[in-house]
Amino acid sequence: MKIVVSGGGTGGHIYPALAFINEMKKRDERLDVLYIGTERGLESEIVPREGIPFQTIHITGFQRKLSMENVKTVVRFLRGTKRAKALLNEFKPDVVIGTGGYVCGPVVYAAAKLKIPTVIHEQNSVPGLTNKFLSRYVDRIAICFKEAEAFFPKNKVVFTGNPRASEVMSGNREEGLRSLGIKPNKKTVLIVGGSRGARPINDAFMSILSDVKAKPYQFVYVTGTVHYERVQEQMKSIGQPENVIVQPFIHNMPDVLSAVDLIVARAGATTLAEITALGLPSILIPSPYVTNNHQEKNAAALSKKDAAILRKESELTGDRLLEDIDDIMVTPGRLDAMKQAAKALGVPTAAEKLHMLVKEVAK
């Protein structure tokens with residue numbers, strides 16, 4: 001089978017694509033894959049490193065206000081579509097799947113116009129502009145939140161979940177504990193703001209650093225690479241509590257997620273797919289800087305089922321964060337109830353479901 005995958009810009013579009021490719025490879029040793037991205041997006045670093053053939057097109061996203069830049073974007077879209085058609089005619093795929101980000105716009109559109117079977121995968125509860133546009137042309141639309149169904153033609157929608165949920169199930173708890181020196185006899189709270197970190201989360205946690213040392217549980221605090229040095233300087237003056245492990249970045253996240261009891265994080269779609277698959281309770285602080293405020297809507301899908309506490313960045317303080325953590329960790333039965341609620345929302349078989357859908361469309 002030959003497939004073209006396109007998606008990029010952020011890890012939220014790239015990692016589900018890679019998880020899907022890995023699932024396809026497990027089931028078909030002769031699978032032939034071509035990944036089409038942009039030369040500047042994160043995918044240009046990540047995808048070739050995975051040993052996947054990679055081609056690029058030049059495209060930029062639309063701005064949400066009228067501007068001359070949007071005129072240039074239309075021209076780039078038309079050129080990108082022409083380039084995509086050339087790549088598709090040369091590779092001759094059985095199916096094309098787009099996982100979001102503006103790069104998949106011209107690729108999936110070109111495939112539809114060439115009568116090649118097409119699927120788009122929408123990770124968020126509120127779709128972005130690209131997937132809304134493509135929904136008119138594709139054969140099937142895979143979604144991860146039931147709330148996303150309202151934005152698409154009903155006859156095309158299939159609920160699959162996010163394939164990253166399947167990958168995280170392979171996490172090794174013992175390796176997670178060992179790699180960071182986490183004490184196995186203590187409950188653990190993971191605080192993370194994404195690969196680059198989130199300053200408001202860092203500031204909130206640092207403001208309560210002297211208070212957390214008395215807590216009966218331990219913390220794994222991931223600052224983000226950008227903020228690590230600044231946090232280390234602050235730690236020197238305040239003093240690092242024995243029950244706080246500080247890291248700039250975590251490379252083995254599936255292992256670490258398997259080893260912790262509660263996570264404080266942003267509400268990106270991939271993060272939520274991972275934590276619900278594992279049944280991991282969460283305090284979610286959505287980024288207010290994303291398109292359509294989709295992280296808050298993602299988080300709301302969990303909080304209304306009591307799988308998470310949704311805490312807006314505008315109302316985040318260190319004291320409020322510690323209250324939320326204590327509420328979950330100390331209240332009898334609360335942690336277990338949230339675990340069950342999170343697990344009920346998880347789709348650990350998401351990669352298999354997406355694989356089956358793509359195979360069906362490719363026939």
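Backbone N, Cα and C define each Cβ position, glycine as well.
What Swiss-Prot records for Thr10, Gly11, Gly12, Asn124, Ser195, Ile250, Gln295 is UDP-N-acetyl-alpha-D-glucosamine binding site, and it gives sequence analysis as the kind of evidence. Residue environment of Gly12 (UDP-N-acetyl-alpha-D-glucosamine binding site) contains 25 other Cβ atoms, counted within 10 Å of its Cβ in all protein chains. Following the DSSP three-state reduction, the secondary structure of Gly12 (UDP-N-acetyl-alpha-D-glucosamine binding site) is helix.
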